[in-house]
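Student: Pulled the feature table from TrEMBL, pasting it below:
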- 38-219: domain 'Electron transfer flavoprotein alpha/beta-subunit N-terminal' (DOMAIN)
- Arg239, 265-266, 279-283, 296-303, Asn317: FAD binding site (BINDING)
Amino acid sequence: MNSAGRRVFSALARPTLRNATTPSFTRSPAALRRLLSALAILEQRDGKLNTGSLSAVSAAQKLGGSVHGFIAGSNIKPVAEEAAKVEGVEKIVAVDNGAYDKGLPENFAPLLVENIKKGGYTHVVAGNTAFGKNVMPRLAALLDSQQISDITAIEDDKTFVRPIYAGNAIATVESSDAIKVITVRGTAFPAAAVGSGSAAVEDGVDPKADSATEWVSEDLAKSDRPDLSTASRVVSGGRGLKSKEDFDRIIYPLADSLGAAVGASRAAVDSGYADNSLQVGQTGKVVAPQLYMAVGISGAIQHLAGMKDSKVISAINKDADAPIFQVADVGLVGDLFEKVPELTEKLKKA
């Protein structure tokens, strides 16, 4: 081999040390926190802040970076000023436009996209409510991100915990998306307190996106009882009540004597005993009150998924082998048509 050939071979065979000698830079946790910024999507109805949506703020705070809130609707300034008092929020971005009052995803999602791009947010957080389930998937699609739904814990800025299979398994998921779109389970993140906060209120960008969807009307079940989603006490009835008349006669007096909200199992709702707005379970509302009373509910896995995080669970059922007793802290085996009226009378006299 001639000398030129040896030089070529030598150059090919010689290992490069460029990567080994190049200094590596790692960001400190404090530097990473400065790069993180979360936008918590807040909800309002008829000019009143939905305090249940403040669980999004609590979750956003656990990410470690700055937290801004977003709210939109007609005459939004008073609501934005109330939201500005939420502790831990640095800024409220508000858009005053009646077109966003009902949270239609067809125009609300493009509105969020414009404000997310303007703010340069790394995380967008909303409650796993009817609004969140409606708007956030469309937002994720517009941002080309994979939504992370119904999380119950945050391990770091890209790793989250969420229940699957009706809560029978817990998944830990990691997202590599530049903008992470997240919905949070309200029972896992207590609503942030409205108190001594002093966040600035800033006008957001309003793209006035055209929408082919028009809000026509809504029929809401109105009640003077506590709201099911946020009540500290809940009395739920199941198929064991046998009819709507018996449901009303047995459950409502007991709930009133306890100052409790009324719930129902899916079986009771499907049988017409209660309105579907009262359904507790995997396909209904997820609640975690201080006291949950299950009356005539067997304890199907789908129902347990919506109430098993309650602090105290009490069950009344004539079947001693009913699954509900496996999760109940206090159980009474007996005929609910005898035991519940008796209990109600004693509570009224107490």
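Indices start at 1 and increase along the chain as displayed.
Just so you know, glycine gets a Cβ as well, placed from its N, Cα and C.
Automatic, uncurated: that is what TrEMBL annotation is.
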Student: What are the non-local neighbours of Gln279 (FAD binding site), defined as same-chain residues 6+ apart in sequence with CB under 8 A from its CB?
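Tutor: Same-chain residues close to Gln279 (FAD binding site) (Cβ under 8 Å, separated by 6 or more) are Gly263, Ala264, Ser265, Arg266, Val269, Lys285.
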Student: Does anything in the same chain, at least 6 positions from Ala300 (FAD binding site), have a Cβ under 8 Å from its Cβ, and if so what?
Tutor: Ser265, Arg266, Ala267, Gly281, Pro323
Student: Need one number: mean pLDDT over the domain 'Electron transfer flavoprotein alpha/beta-subunit N-terminal' (38-219).
Tutor: 94
Student: Taking the Cβ of Arg239 (FAD binding site) as the centre, how many other Cβ atoms fall within a 10 Å radius?
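Tutor: 19, counting other Cβ atoms within 10 Å of Arg239 (FAD binding site).
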Student: So for Ile297 (FAD binding site), how many other CB atoms are inside 10 Å of its CB?
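Tutor: Around Ile297 (FAD binding site), other Cβ atoms within 10 Å: 30.
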